[in-house]
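Student: Take a look at the following structure, please.
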Amino acid sequence: MSYPQAPSKFVNPDEIIPLSPPTKPPFAQYAASPLPATPHTPYSPPSPSRLSETIPLRPYLSLLPRILLTFFSPCLLPMILTIAHLIQNRSSTASLATSLKSSVLSACSGLAKAAASIKTLPRYLAMQTNQEAIRATQASILAIGTMLMDAITIIEAVVNFIVDTYRSLLLCTIELAVRGTLEILISAVQTISDAVTDTLNSVRSNIQDDIGDANDIIQTAVSAINRVTTLVNLNISVPEFSIPALSFLQNVTIPTTFEDGLITLNSSLPTLTDLKKKMDEIIDTPFEALISEINSTRLEMAASFNSSILSVPSLSSLSANSANDLSNDLCSDLDTSLIDDTAKALHKLSSIAIGLMFLLLFLIWAALAVWEWRKWKLMKDTVDAVNEEWDRDGKSDAWRMVAIVEHPVLERYSGTFLGKIAKMPRTRTNLRWFLSYLAHPTCLALLFISLFGFLSIQFQLVALNALKAHAQSSANSTVTASTNSLVTKLNAAALNSSQEYADSYNEAIAGYQDRINNELFGSWVNTTAVTLNSTLVEFYDEVEKALNASFGGTILYNPINTFMYCILGSKITNLEKGLTWISEHAFVDLPTFPSDILLLSNDSMNEIATPIAAAAVGSGDGGDDDDGVVGTLISHFESALKVERTFYGIMLGVWLALFLIGLAVVIWNSGGREKFMALRGVPSSSSPPGYGPPESKHPRWKAWLTNNHPIYDSYAEKQFRGTTPTNCLESYTHADVPNVNNGNDDHEKSFFKMRDSHAAGPFGSHATSAVRSTIASLAAPGQSFLKLSGRKLTDTTTPYDDKVPLAPVQTSEKYSRDHANSPFPRPSSESSESSAAQPFWVDKFYGAFEGVKSFFPTRSQRLGAALARKASQRTEGSFGASQVPTARTPGHDWIGGHQCLPEKKAEPEWSMVDPRMLGRALEDDKGRYPRVLPPSEMAAANYNPHPVYPRPMSRASTLGEGMVIPSTTSHPDPFQDMPPLPPKHKRASMDYVEEYESSHSRSSREDSRHGGVTSPASSSVSYFAAEPQLVSASKVQVGVAQKGGQATRALAEIVKELQEKRERKDPFGDDYERGL
């Protein structure tokens, strides 16, 4: 069977120093010799003086150029551009303030020119006012005359009605009183006469009837008496009274002289028809004359009131002040301080913003310089770690190297964070991709440009809003004072003309007012009131004469006279009082003009001065150009800031879109794809490579990582756990040399392609070494990503996958490593990782839960603490042969275990030492490899027991057994590269969780608990920190070379010596003790 050769390295013969050959695999880390160590001359690299006097340039940037380039970092460029914009806005604001002040003064000058025109306004206003006043006055005179004529006509009708009413009332009253009285008297006289006659006749009849009745009564009584007396025969007779005639009472009457007088008076009463005609003539004559006089007077007065009697201001008064003088008067003390104050406030705001931006620029630059220094340091440590790994292990994943070098800070600090929030390796890998995506220079530049720019502009806008409110309030008060002053000056310019015009107009109106009072109301009062009064007096006199003629000398004269005064006389008296009041109040007052008739009102003047106020603070009507000079000044500054804010906001939105795209990709690859496929009914085989179940045709476990690993020691850990062999070892006549994975597969997720979870443990280093600590911390994410499983996260095979058989063997693990193709199950948590991924937030929850659990001691830590408390310091004797990490044969690892093993030829063994001890003289006389003695000889040699590391519940890598190392006859030259063996330890794998940190701290605690001396096969980071007193050798099989190849002479002697040791009895076994 042929073995592929590793690519040969070019070795310059001039650089080879005798006795110090370059390190060659596989003997760089493995050596075996029974002889004492041979002193070596330390190999020293050429001193810098041999190379060159000057340090040449490298194909990469060192620290100083990187710090120099931070001045133009994408984080600083937006701030520099923002500062430039602020400086430009500040200069443009100052120039705009000067321009706006000029515009306000120009507006005031224009108003002054308009005010000069306003001074000419009173003449033209007076002319127009005169025309309207003449028209109104003429109409008023005519209307007053017409009103007076109508009033007089109405009064005439009313007087006639009143006079006729009282005349008719008087006549009717006389008819009612006199004729009624007379009729009553005549009727009474006749009734009395008839009553007297009837009464006397009735008396006569009654007397006669009474005498007749008396006679009858007497006769009746006598008759009754006689009937009684007839008994005695006695009759009484009484004589009757005679009835008188009484004829003188029958024709008695009253004399008719009085009655005849009353009848004559009733027929002789007057009708007052002549009085009515006379009164109508007396009333109508004066009223008709008054109406005619008023009509002629009103027409003459209306015609005489024209424009000739009203004056107007002359144009000569305008030459006193020119327009320029008026402009100086109006605009000389115009307050424009509000513009200056606003400009100064904006300038101060810009200066403060620029200063803060410069300060922030310096702070960010300092932070970037520190960041670049830290990044450079981490990058150097990473490069050193990668070089060391590559020198020891060969090439690995170059793309992983790119990720580490691009983002060394993320590699250093993201492991703990991602390990706490994500439980599954796939989720951690996706989140690591997301962080790299966000940390890309383009994405970072976009974020910093948009964020810094947006925040700086927004802070300025907030300060500008407060400044705008203060400027507006100050501008309003200033403009109000300026407007009041301007209105006062404009009114003072037109006050004289208005006063002259008002005086001339009022004089003309006063003359016509006198004419109206004297000619219209005077004639009416003098004529109508006096005439009417005399008419009423004459009317009353005529009525009294008629009553005197009719009732004079009678008993009715006084009642009738009193009644007439009550009915008519009192009314005439009240009418005379009314006429007297009219005479006293019959005049008119025509309205006159005030002295400011030609001046504009305050509202009008404010309206004229509004343009200046609008130019200063805006009109306030909500238009586009109503902000005024102050608003324009602030709006100019604000608009520039808003344009920049919009630009930065768009850039921030683009970054958010990129953020969401990256987040969607992470969610899709963290379980979203599986859910989508499940919803569509797609089989699970459509899962991404490396995350689905293992396929049988491509084994996922490397054969050389299992039972036939050349460095695989499961002895001590099996004995500590108390397990027994589950199967018998089989003899293998050959073993393949493990290959070096060059990492060409694009689907590989790990930086170092670990073929075994034991080999993926963190490599020990000195605790005081910052470089080694950094290397280990950078390598920790890869270790955690593989979860110490040793699986390759891809289904593609390497050139050796199909050539190396899989065989179940005993290991230090509790379960078989052949999970894919072995009948032995592996019910560990790692097998669940190949199932369908949990959702991202579920993983995040479990990750947080695991992070909390990490603060508490683990089970292994508690057990170790219990061992430290309850047991003394363990030695080789206390642990027994099964706990001593010494060289053992497979057949003697277990008591009785060799009975189930097939017989096979004993094979030699050889020791593995630390490669760092090469070329170092050992202090012990026993040499590099002390011989293992029986207990009796150890006691005789003053052997002191020493503490060893029992590795409780350890998951660290151990040395396997059972794989044959073939001899390589194809490389007779010892200086030529040999096919490499897999290293005993893998240094700090690169992944993103805290497994390395926890294992590092746990190993440190265990080392301190056990004295600091551990097995070289353990994962303790402090192994090389102390010189062990006993170097235990792990067993490997050094078999016969394949295809008849011959090993070197030195190798043959080593094999022979190891074979002799193998044939010895176990000095720590029961058989050996019985033999003693």
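Numbering starts at 1 and runs along the chain as displayed.
Cβ atoms are placed via backbone N, Cα and C, with glycine included.
From Swiss-Prot, here are the annotated features:
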REGION    1-31  region 'Disordered'
TOPO_DOM  1-66  topological domain 'Extracellular'
TRANSMEM  67-87  transmembrane segment
TOPO_DOM  88-138  topological domain 'Cytoplasmic'
TRANSMEM  139-159  transmembrane segment
TOPO_DOM  160-350  topological domain 'Extracellular'
CARBOHYD  Asn235  N-linked glycosylation site
CARBOHYD  Asn251  N-linked glycosylation site
CARBOHYD  Asn266  N-linked glycosylation site
CARBOHYD  Asn295  N-linked glycosylation site
CARBOHYD  Asn306  N-linked glycosylation site
TRANSMEM  351-371  transmembrane segment
TOPO_DOM  372-432  topological domain 'Cytoplasmic'
TRANSMEM  433-455  transmembrane segment
TOPO_DOM  456-646  topological domain 'Extracellular'
CARBOHYD  Asn476  N-linked glycosylation site
CARBOHYD  Asn496  N-linked glycosylation site
CARBOHYD  Asn526  N-linked glycosylation site
CARBOHYD  Asn533  N-linked glycosylation site
CARBOHYD  Asn548  N-linked glycosylation site
CARBOHYD  Asn602  N-linked glycosylation site
TRANSMEM  647-667  transmembrane segment
TOPO_DOM  668-1076  topological domain 'Cytoplasmic'
REGION    796-834  region 'Disordered'
REGION    874-899  region 'Disordered'
COMPBIAS  874-886  compositional bias 'Polar residues'
REGION    963-1020  region 'Disordered'
COMPBIAS  997-1010  compositional bias 'Basic and acidic residues'
REGION    1057-1076  region 'Disordered'
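Give me the local environment of each listed feature.
Tutor: In the predicted structure, the topological domain 'Extracellular' (160-350) carries a mean pLDDT of 72.
Contacts of Asn235 (N-linked glycosylation site) defined by a Cβ separation under 8 A and a same-chain sequence distance of 6+ are given as Asn226, Thr229, in order along the sequence.
DSSP assigns Asn295 (N-linked glycosylation site) to a helical segment in the three-state reduction. For Asn295 (N-linked glycosylation site), other Cβ atoms within 10 Å of its Cβ number 14.
Asn306 (N-linked glycosylation site) has a Cβ environment of 12 other Cβ atoms inside 10 Å.
Counting only same-chain residues 6+ beyond the ends of the transmembrane segment (351-371), those with a CB under 8 A from a CB of the stretch are 67, 70-71, 73, 75-76, 79-80, 82-83, 86-87, 90, 409, 452, 456, 459-460, 463.
Within the chain, the transmembrane segment (433-455) has long-range Cβ neighbours (under 8 A, six or more residues past its boundaries) at 74-75, 77-79, 81-82, 360, 403, 406-407, 410, 414, 644-645, 647-649, 651-652, 654-655, 658-659, 662-663, 665-666.
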Student: Between the glycosylation sites Asn496, Asn533, Asn548, where is the Cβ count within 10 Å the lowest?
Tutor: Asn548
Student: Please report how many Å separate the Cα atom of Asn533 (N-linked glycosylation site) from that of Asn306 (N-linked glycosylation site), as a whole number.
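Tutor: Asn306 (N-linked glycosylation site) has its Cα 38 Å from the Cα of Asn533 (N-linked glycosylation site).
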Student: Distance check, please: Cα of Asn548 (N-linked glycosylation site) against Cα of Asn295 (N-linked glycosylation site), rounded to an integer number of angstrom.
Tutor: 43
Student: What else in the chain is close to the transmembrane segment (139-159), if you only count residues 6 or more beyond its ends and a Cβ gap under 8 Å?
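Tutor: Apart from its flanks, the transmembrane segment (139-159) reaches 283-284, 287-288, 290-291, 294-295, 297-299, 301-302, 305, 512, 516, 520-521, 524, 528, 532, 535, 588, 590.
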Student: Which residues of the same chain, at least 6 past either end of the transmembrane segment (647-667), have a Cβ under 8 Å from a Cβ in it?
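Tutor: For the transmembrane segment (647-667), the list is 78, 430-431, 433-434, 437-438, 443, 446-447, 449-451, 453-454, 457, 840.
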Student: State the Cα to Cα distance, in Å, between Asn306 (N-linked glycosylation site) and Asn295 (N-linked glycosylation site), rounded to an integer.
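Tutor: Asn295 (N-linked glycosylation site) has its Cα 19 Å from the Cα of Asn306 (N-linked glycosylation site).
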Student: Taking the Cα atoms as reference points, how far is Asn295 (N-linked glycosylation site) from Asn496 (N-linked glycosylation site) in Å?
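Tutor: For Asn295 (N-linked glycosylation site) versus Asn496 (N-linked glycosylation site), the Cα atoms are 41 Å apart.
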